[in-house]
Amino acid sequence: MQTMDPRLLKHVIGAAIDMGYRAIDTAYIYGNEKAVGEAIQAKIDDGTVTREQLFIMGKLWSTFHRTDLVETACKNSLEALGITYFDLYMIHNPMSFKEGPDPIPKIASVVQFSEYDYLDAWFGMEGLVSKGLAKSIGVSNFNSVQLLRILEKGKIPPVINQGTPVEYKNSTFAVIDDPLVKVMASGLGVSPAQLLIRYQIDSGHNVVVKASCANHLWDNLQALTFELEKTQIDALNALNKNKRTFTFKGMGETHKNYPFLEPF
Ligand SMILES: NC(=O)c1ccc[n+]([C@@H]2O[C@H](COP(=O)([O-])OP(=O)(O)OC[C@H]3O[C@@H](n4cnc5c(N)ncnc54)[C@H](OP(=O)(O)O)[C@@H]3O)[C@@H](O)[C@H]2O)c1
């Protein structure tokens, strides 16, 4: 649901739930929790789904990493969404920003960092599970060293490390436009998007796809109707460019916990 026009949301979420989608990925920083919540409620009210049939994810923003702020941040997001618990709540990224109302606090264009740390946030996250505010907790955009630190110091292991390996828009090497992808998809009678989603599924990854029109939603769902051979997965693996295009540019490259300096 990232950066989608709130006016489109109700239509898109309604169409997605009607088609059978059940996972909804939200975040405080996307600024649209209220609109997402209203769209979900409309589908509960019209009897299409129950709350229990949905898997709703949320993300703790970086200005709420101090342990005692986590519960309030989570409750505020739940209230905006009109729900009483998250199925999965994640730390959005490992960089802690100075606490306060501004989500990306800056002085003279310089992002202000917090003295607290993602581990402080994790301790708060663990409290959400015991209070029933989150059924499971995880992280997002963490590197392997940061994950290990949480595994060592925390009581509950994260169930997920979400992230975005490739920024689709404005990318100079959008894999969906790669000639091999186009040829392979055409040979299989599927769309490039279906091929790439299936590639991720058959590689053992959980895929969270964003689409803002019903055609794309339907197209992507059809990725569940076929499987790839190992040789096809190997051919797609060979397209690897060893590059990361989602880098939190301008948001904290100098932060001590900037995650993308480690190889993984
Ligand atoms: N944890 C994080 O920090 C983080 C960061 C980024 C994203 N995310 C999450 O990751 C998920 C994916 O988001 P993303 O922004 O990375 O998007 P994405 O799923 O990689 O790609 C979205 C783009 O692909 C297009 N698209 C979708 N289905 C298509 C199809 N069948 N054919 C052609 N184009 C298609 C969409 O177009 P239309 O919109 O026009 O349909 C949109 O431009 C979201 O749930 C988001 O919340 C998390």
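Even glycines carry a Cβ here, placed using N, Cα and C.
Residues or ranges marked as active site, proton donor by TrEMBL: TYR30. Neighbour count (other Cβ atoms within 10 Å of the Cβ, all protein chains): 19 for TYR30 (active site, proton donor). DSSP classifies TYR30 (active site, proton donor) as helix under the three-state reduction.
Per TrEMBL, the feature substrate binding site maps to HIS92. For the recorded site, HIS92 (substrate binding site), the DSSP three-state label reads coil.
Annotated domain 'NADP-dependent oxidoreductase' per TrEMBL: 4-163 (among others), in sequence order.
Marked as domain 'NADP-dependent oxidoreductase' by TrEMBL: 180-240 (among others). Averaged over the domain 'NADP-dependent oxidoreductase' (180-240), the predicted model has a pLDDT of 96.
The DSSP secondary structure for LYS59 (site 'Lowers pKa of active site Tyr') is strand. Annotation for LYS59 (site 'Lowers pKa of active site Tyr'): same-chain Cβ neighbours under 8 Å, separated by at least 6 residues, are THR26, ALA27, TYR28, ILE29, TYR89, MET90, ILE91, HIS92, SER140. Annotation comment: TrEMBL describes LYS59 as site 'Lowers pKa of active site Tyr'.
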